[in-house]
């Protein structure tokens, strides 16, 4: 892709996200979301492969539907209350339509169908943007309207997301699809706590972004898209593969690592809100995700390249690890001791 064109698209992404985050009026928020959608489409379809074109088409249709629903919900609210302010969303029907629109933007169950397909058709770096940066504007809107949303609907969607995200990721062999189902599962954790403690949703999103960025950049540097290729990356970059294993376990939420922090705080908050059954169910459902993270970690580090594979054995390279990956992997595994500093602010 032409560097100037890429610069324009990345700038448009930043502009769209900034507009959504800083807006108080529904029309400006909608405009920001539209700029974002139009800027990411060329980045998805830049390889001109039929799968990439299909992914871009699916993404466009889903996001256009979600934007129309968002506009419809804000107009209904304005019709009934005379308010266009984002924080003044008070009409129950408008809130329900808004929840559906933002769930479709994010890929929450039952509107998750597009996300694994789009991620599978995108390059790894665009996949990283879709999993992290493109989710920031809808999460910001959820944060601003959190007090108006229906907790029962959100809890139901959250538990279904954690269940389906874990369940459907079990039999995947494509790394991008596994990461897409992982994203759906994590969105469940963010949605369940949104009404009770929106700051925890943001904390979870920030830490998820950190860990996912580390994983996508590592996979991009070893050029890995399938489990069979992941098995041969150990010989190419042993240190990077070892850190990838730790980052994956952190994303799964295992205790001494960073990923345990948001899960711990969310379960604690749900218990305080007398939602112990929901906390128990979502904690048990995270075990499904743990299975496929362990499988990825096993493929990345423990398996030697099998002789039946079609891939050539890759020789060890002396190429240094990019500093961005080094910083992100360290943060993805060592932030748990900061929890006493974070807890009082939430």
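Placed from the backbone N, Cα and C atoms, the Cβ positions cover glycine too.
What TrEMBL says about a protein is an automatic prediction, not a curated fact.
What TrEMBL records for 5-21 (among others) is transmembrane segment.
The domain 'NADH:quinone oxidoreductase/Mrp antiporter transmembrane' feature in TrEMBL is assigned to 23-287.
Taken from TrEMBL, the feature transmembrane segment applies to 56-76 (among others).
Residues or ranges marked as transmembrane segment by TrEMBL: 96-115 (among others).
As annotated by TrEMBL, transmembrane segment applies to 152-171 (among others).
The annotation transmembrane segment is assigned in TrEMBL to 178-196 (among others). Remote same-chain partners of the transmembrane segment (178-196), defined as residues 6 or more beyond its termini with a Cβ less than 8 Å from a stretch Cβ, comprise 103, 106-109, 112, 115-116, 119-120, 127, 131, 135, 139, 142-143, 146-147, 149, 151, 154-155, 157-166, 168-169, 172, 204-205, 208, 212, 215-216, 251, 262-263, 266, 269-270, 273, 275, 278, 282, 285-286, 288-289, 292-293, 296.
Feature annotation from TrEMBL assigns transmembrane segment to 202-219 (among others).
What TrEMBL records for 240-261 (among others) is transmembrane segment.
Counting only same-chain residues 6+ beyond the ends of the transmembrane segment (281-304), those with a CB under 8 A from a CB of the stretch are 158-159, 162-163, 165-167, 169-170, 172, 175, 178, 181-182, 185, 188-189, 192, 227, 230-231, 233-234, 241-242, 244-245, 248-249, 251-254, 263, 267, 270. Residues annotated as transmembrane segment in TrEMBL: 281-304 (among others).
The annotation domain 'NADH dehydrogenase subunit 2 C-terminal' is assigned in TrEMBL to 290-342.
What TrEMBL records for 325-343 (among others) is transmembrane segment. Within its own chain, the transmembrane segment (325-343) has Cβ neighbours under 8 Å at 203, 207, 210-211, 213-214, 217-218, 221, 240, 243-244, 246-247, 250-251, 255-261, 264-265, counting only residues six or more beyond its boundaries.
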Inset, instruction - With the transmembrane segment (96-115) as the reference, find which of 5-21, 152-171, 202-219 contributes the most Cβ pairs under 8 Å. - result: 152-171
Inset, instruction - Could you tell me what the rest of the chain brings near the transmembrane segment (152-171), counting residues at least six beyond its ends with Cβ under 8 Å? - result: 96, 99, 103, 108-110, 112, 116, 177-178, 181-192, 194-195, 275, 278, 281-282, 285-289, 291-292
Inset, instruction - For the transmembrane segment (240-261), could you work out the same-chain residues 6 or more beyond its ends whose Cβ comes under 8 Å from its Cβ atoms? - result: 182, 203, 207-208, 210-212, 214-215, 218-219, 221-222, 233-234, 286, 289-290, 293-294, 296-297, 300-301, 321, 325, 329, 331-336, 338-339, 342
Inset, instruction - Using a Cβ cut-off of under 8 Å, list the residues of the same chain at least 6 residues beyond the transmembrane segment (202-219) that approach it. - result: 124-125, 127-128, 131-132, 135-136, 139, 143, 175, 179, 182-183, 186, 189-190, 193, 225, 230, 240, 243-244, 247-248, 250-251, 258-259, 261-262, 265-266, 322, 324-325, 328-329, 331-332, 335, 342, 346
